[in-house]
């Protein structure tokens with residue numbers, strides 16, 4: 001399990017939809033600024049695998065010496081790791097085995113449906129803007145503003161898995177941006193920004209879309225970073241005052257050292273501490289891998305000087321500890337926030353003339369990989385602790401999984417990159433919205449605010465402050481009220497991409513809500529299986545779709561939707 005978790009974890013921390021792809025020419029062309037050879041590095045399978053091997057293993061070694069403190073002494077919860085452990089333990093009961101069989105059957109049924117639906121849709125996508133994905137379900141005007149249901153089983157499944165408040169927040173963000181703000185700003189064309197600029201120029205409407213969403217993301221990230229830091233510090237203060245080695249219990253409140261330890265916990269702790277990974281291996285390994293990285297990474301990115309990497313590796317364990325401790329309390333990994341911090345610091349340090357954009361993105365990769373892997377490792381150690389698994393075996397599994405991820409993830413990305421010519425282009429099937437967001441953060445870090453269009457910075461300040469205020473309101477309000485307050489991070493996502501996936505997710509949440517009203521027990525047991533089937537079937541279909549695209553096999557039909565007047569013009573042109 002640990003090896004699988006790490007293999008797919010690299011698909012996230014590897015930055016294929018964020019910093020790594022943000023280096024490419026495809027994304028650089030859309031960003032308009034810093035589009036030169038010094039700030040561009042196109043994806044290639046060779047250097048991507050090499051880069052991931054250099055940066056991914058160091059996170060595994062960073063926190064190994066602290067695992068006893070995190071799991072046994074602090075008794076940190078690690079909610080995801082704990083939930084996984086209870087699930088595994090549940091499978092080994094007669095009732096659990098029976099339920100698991102039914103869940104797998106349900107998953108298989110919806111997997112098949114989703115796969116066949118993907119295949120069926122493919123027949124109607126012979127050109128740009130063709131097929132069910134371009135169906136103007138809410139009308140052509142709404143479609144122009146990216147409001148439509150695109151018949152995606154993936155996002156319906158995601159909507160069924162995500163909490164209701166996340167789905168509603170995403171839809172609210174879509175309505176606020178594409179329904180209200182962007183049409184109003186578009187009306188200011190010629191006043192706020194030059195009328196001659198294209199929709200995709202960062203000096204025009206695109207600038208507002210990108211930077212306002214960045215402001216929301218950074219406001220939310222900063223608030224949660226400070227919140228986790230305060231909780232972490234408070235935990236330490238309580239520990240020092242009580243002179244206790246057990247500062248945090250399962251509910252996050254102080255524990256007294258005299259609290260009775262159950263037989264199960266004694267047995268778990270005994271096994272957890274018996275099978276130690278030698279500290280010398282961890283420290284020596286960290287120094288060795290860091291030395292190799294410092295010597296080798298500048299060969300992949302000449303702009304990334306050795307002393308940038310050294311500074312990153314000196315501070316990384318501290319940030320990895322903060323993130324792992326925070327994830328143990330809140331289940332919230334802030335890896336991407338630490339990555340964004342690295343973008344601004346290292347990008348500004350390098351400067352525009354020395355490939356600062358590329359330096360910022362590469363430094364983001366180094367930081368994100370370490371911080372993300374370290375918190376994932378602790379989640380897995382918590383699962384292992386609760387299921388009586390050997391920590392040494394789990395660590396070896398993590399190493400194997402990381403090695404697999406370093407090869408598999410770039411290969412899958414490379415398949416997509418080669419199969420779909422328009423991958424990463426805004427408005428297409430795979431727009432990679434976060435790649436342009438990360439690149440623009442790097443540009444912002446290097447160029448400062450001078451490149452923003454009129455009033456954009458003011459709006460950014462407003463939304464940055466709003467993100468903090470909304471989070472504060474959520475934390476201070478009573479739980480009955482707080483559960484109805486939207487999440488700024490979720491609201492920010494459709495600001496740049498559009499609302500089509502928000503509508504899919506909202507449909508998923510409505511299906512789940514109705515199912516829970518009708519039969520709550522059945523919904524809780526089978527909704528995750530149904531959702532997983534929808535997501536996996538659609539996801540697996542992309543592999544044969546990629547192979548068909550590489551083999552130059554084109555779909556036979558283009559299904560397009562036109563307004564009555566355009567249709568009349570087309571008929572007239574064709575002489576019907």
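Numbering starts at 1 and runs along the chain as displayed.
Including glycine, each Cβ sits where the backbone N, Cα and C put it.
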**Q.** 107-124, 125-142, 197-214 - the one TrEMBL records as transmembrane segment
**A.** 107-124
Q) Sequence gap of 6 or more, Cβ distance under 8 Å, 3 or more pairs: do the transmembrane segment (281-301) and the transmembrane segment (341-374) meet that? A) yes
(Q) Could you check whether the transmembrane segment (493-515) and the transmembrane segment (155-180) come into contact, where contact means at least 3 Cβ pairs under 8 Å with the two residues of each pair 6 or more apart in sequence? (A) yes
